[in-house]
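Copied over from TrEMBL, here are the features:
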- ASP152: active site, proton donor/acceptor (ACT_SITE)
- ASN9, GLU379: Mg(2+) binding site (BINDING)
- LYS16, HIS208, LEU209, GLY210, SER211, GLY212, ASP283, MET284, ARG285, GLY328, ILE329, GLY330, GLU331, ASN332: ATP binding site (BINDING)
- ARG95: substrate binding site (BINDING)
- HIS183: site 'Transition state stabilizer' (SITE)
- ARG241: site 'Transition state stabilizer' (SITE)
Amino acid sequence: MEQGILVINAGSSSIKFAVFGNGDSLEPELRVKGQMEGLASDPSFQVKNAEGRKIDQRDEWPHGSALSHASALRYILDWLREKMGQTQVVAAGHRVVHGGLVYDRAVRLDARVIADLEQLAPLAPLHQPHNMAAIRALAEIAPDLPQVACFDTAFHRTQPRVAQLFALPRALLDSGVRRYGFHGLSYEYIAHKLPDYAPEVKRVVVAHLGSGASMCAIRDGKSIESTMGFTTVDGLPMGTRTGGMDPGVVLYLMQDRGYDVKAIEKLLYKESGLLGLSGVSNDMRDLLTSTDPHAAEAVDVFVYQVLKYLGALTAALDGLDALVFTAGIGENSPEIRERVCSRLEWLGIRLDQTANQQGGPRISAVDSAIPVWVIPTNEESMIARHTRQVLR
Ligand code: ADP
């Protein structure tokens, strides 16, 4: 019987999962990938095989039923036992958004670590409690299954101190109010993968453009700066998040417009970004096909901010050897890549239009001073790799 590693990414209303073989290959081999969505209201379950073909689906839970993280995990484990009898899950690796200042690498979970990570919930209130709920639930359902936490912040712990500090009083900085950075599992995956494409590259900016979006400056495989800071709301505008914004706006809205904390949180995380600007959709595909001028303007703002941060990250790196696009928009939208790169002639960047339309991997022209790549990210694979390493 083959051994497998279960990867879990638990959110407020969904649990995404994948199973990888626990073999020795550098890149763990995917067996299945699935998700349970609509936990709070209308659950649906779907699984695909390694080739991306749907192999199972269930939508008919009694209408209006709500599943807890525990019930959803129990269903997933039962499904794996029943349908994947040839693979025995020997460990679970979790995506955990925040590792704070202490956790700079993946860690085996025990009662002490779980308690530590729960203390960090206020730093990531929209994600951490759900990550931890799944960990606790799984510890009850399968107490003997080793569990590992893999952090979105860990890859950024190598950033120089000046990149981590806000200009705040020392006491606040020392108590943990500082820039952490997120999407670290994605950046780490790209940092591992990039030498396959371009072994000579030292200074690279990776643009992880998905419904959550950020950019990272990587030197010699290590993060030195990123656009997300204390929370996942900083930096680029995203599907529904503002991105970086003058904090004075928040004060003004609270003092003069009657916003309370909950209303501010909803505004910053759920009602803004591409959705707020366009009034049409949070999905880049909708905006690119819409005839609404506000949709076009939302795309303009997104592209402009990517350009602006690229300049900042290039300065942090003292120059640039490669630019990489990844995640939903970065991997799938030639138009956005084209709009960004067409304004980078000052850097000597020139696109190969055909390669860009075809999705790369190299999309820059041969005479481009700096190569541009499209590299699909794979956070689940990174989690499986860490889990394997921690257990060995
Ligand atoms: P996340 O993992 O943060 O939920 P993804 O990385 O899956 O997000 O990216 C999802 C986003 O990618 C979608 O909201 C959509 O805007 C964008 N996207 C996917 N395919 C395309 C495409 N062909 N063109 C433009 N945008 C796309």
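Any Cβ shown, glycine's included, is placed from N, Cα and C.
Overlay of TrEMBL annotations on the structure.
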residue: ASN9; record: Mg(2+) binding site; contacts (Cβ under 8 Å, 6+ apart): ILE15, LYS16, PHE17, HIS94, ARG95, GLU379, GLU380, ILE383
residue: LEU209; record: ATP binding site; contacts (Cβ under 8 Å, 6+ apart): LEU236, VAL306, PHE325, THR326, ALA327, GLY328, ILE329, GLY330, SER333, ILE336
residue: SER211; record: ATP binding site; contacts (Cβ under 8 Å, 6+ apart): MET238, GLY239, THR240, ASN282, ASP283, GLY328
residue: ARG241; record: site 'Transition state stabilizer'; contacts (Cβ under 8 Å, 6+ apart): GLY212, THR232, VAL233, LEU268, TYR269, SER272, GLY273
residue: GLU331; record: ATP binding site; contacts (Cβ under 8 Å, 6+ apart): PHE325, GLY359, VAL374, PRO376, THR377
*May I ask which of the recorded positions ASN9, LYS16, ASP152, SER211, ARG285, GLU331 have a CB within less than 6 Å of any atom of ligand 1, listed in sequence order?*
SER211, ARG285
_The one of ASP152, ASP283, GLU379 whose CB sees the fewest other CB atoms within 10 Å, among these recorded positions_ = ASP283
*Give the number of CB atoms, excluding that of LYS16 (ATP binding site) itself, located within 10 Å of its CB.*
17
*How big is the ATP site in terms of the longest C-alpha to C-alpha distance among LYS16, HIS208, LEU209, GLY210, SER211, GLY212, ASP283, MET284, ARG285, GLY328, ILE329, GLY330, GLU331, ASN332, in angstrom?*
23
*Which residues, sitting 6 or more apart from HIS183 (site 'Transition state stabilizer') on the same chain, put a CB under 8 Å from its CB?*
ASP152, HIS208, GLY212, SER214, CYS216, SER226, MET228
*Write out the long-range same-chain contacts of ARG285 (ATP binding site), meaning residues 6 or more apart in sequence whose Cβ is under 8 Å from its Cβ.*
SER333
_binding-site residues listed as ARG95, ILE329, least Cβ neighbours within 10 Å_ = ARG95
*Would you mind pulling the DSSP three-state label for GLU331 (ATP binding site)?*
helix
*DSSP-derived class (H/G/I helix, E/B strand, else coil) of ASP283 (ATP binding site)*: coil
